[in-house]
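Asker: Below are the features I grabbed from TrEMBL:
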type	residues	note
DOMAIN	11-127	domain 'Response regulatory'
MOD_RES	D60	4-aspartylphosphate
COILED	130-163	coiled coil
DOMAIN	198-332	domain 'GGDEF'
Amino acid sequence: MIAELELMGRNILIVDDLPDNLRLLSKMLTQQGYKVRKALNGEMAIASCTAQPPDLILLDINMPGMNGYQVCDALKSSPMTAQIPIIFLSALDEANHKLQAFKSGGLDYITKPFQVEEVLARVEHQLSLCYQQNKLKEELEQLKEEVNQRQQTQQNLERLVTVDELTQLSNRRHFNDYLKQEWKRLFSLPSYTGGYPQALSLILADVDYFKLYNDTYGHLKGDQCLQKVAQAMKQVVTYSGSLVARYGGEEFAVILPNASSDYALQVAELIRMQVKALKIPHSQSIVSSYVTVSLGVACRFPDSDLSPEDLISSADKALYHAKQQGRNSVFR
């Protein structure tokens with residue numbers, strides 16, 4: 001049982017049309033440290049509960065106007081008062097009356113004439129149950145909040161280890177993990193004919209003459225340039241299951257699962273055009289007055305004779321050829 005100090009000062013509403021009953025109940029409860037309010041009929045009881053919900057209600061059944069069942073129904077129908085515990089008081093001792101009281105939402109039933117000790121014990125019991133329930137609700141809400149905070153912390157930590165801080169793209173580590181994951185997934189699929197459902201395409205991109213850009217405009221402008229290029233790539237790459245990553249320095253990578261070589265080539269060309277359309281000034285570039293990118297495209301069908309590293313190597317060679325043929329170009 002909850003300590004008496006926890007229950008002292010609890011607000012109890014007594015509803016009875018007989019003043020003598022009100023006085024008797026009020027006296028015994030007040031002596032136990034409870035705060036007591038009184039109502040002579042159902043209408044007064046509802047108004048009192050609406051104005052200031054009590055912690056518990058002692059409710060007589062047989063009253064003129066609204067009887068106790070009707071009062072209970074009205075209180076239970078309102079969200080403001082629905083959770084108030086109700087103990088019925090009645091001279092009716094038949095089982096059907098008690099059953100109706102519990103069906104109406106009452107939690108206990110005391111028959112008249114009542115014993116002081118019984119009333120006090122039942123009141124304390126219901127208040128203790130209510131206190132425990134509220135305590136459990138508070139603890140549950142606190143636990144939910146702690147779980148939410150931990151989940152948020154976990155998400156933040158996961159983001160730190162998978163996202164490049166400067167560009168907000170996936171970082172090299174996430175790129176490596178995702179490439180291996182998709183390679184393994186596509187390798188496990190059954191063979192198909194017609195089309196490229198098993199193909200895994202990779203685009204490697206490099207900002208042309210980026211060292212000269214940094215030397216000319218400074219590292220702050222260089223960082224801003226990389227951020228703009230990253231956003232341009234994200235706008236182009238909307239393919240389902242794709243991943244755009246910062247591969248390192250001024251290099252970027254795009255993983256395109258289930259994408260043909262021709263499709264990857266189209267995506268690479270769109271990236272090249274989108275970056276050039278940014279019109280980021282680059283006075284030291286040999287190929288354009290604006291920042292441009294060179295891109296290498298590779299496509300493989302995962303099998304036991306190949307590895308993700310083979311795909312990277314092929315894309316890297318294609319990128320090398322794109323630079324060799326004049327930069328600001330795409331090669332596969």
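Heads up, the Cβ atoms here are built off N, Cα and C, so glycines get one too.
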Asker: For D60 (4-aspartylphosphate), what residues in its own chain, 6 or more apart in sequence, show a Cβ-Cβ distance under 8 Å?
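Answerer: Those within reach of D60 (4-aspartylphosphate), by Cβ under 8 Å and sequence separation of 6 or more, are V15, D16, D17, L18, N21, G68, F88, L89, S90.
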Asker: Within the domain 'GGDEF' (198-332), how many residues are helix, strand or coil going by DSSP?
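Answerer: Split by secondary structure, the domain 'GGDEF' (198-332) comes out as 60 helix, 33 strand, 42 coil.
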Asker: Using DSSP, what's the helix, strand and coil tally for the domain 'Response regulatory' (11-127)?
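Answerer: Across the domain 'Response regulatory' (11-127), DSSP assigns the residues as follows: 54 helix, 24 strand, 39 coil.
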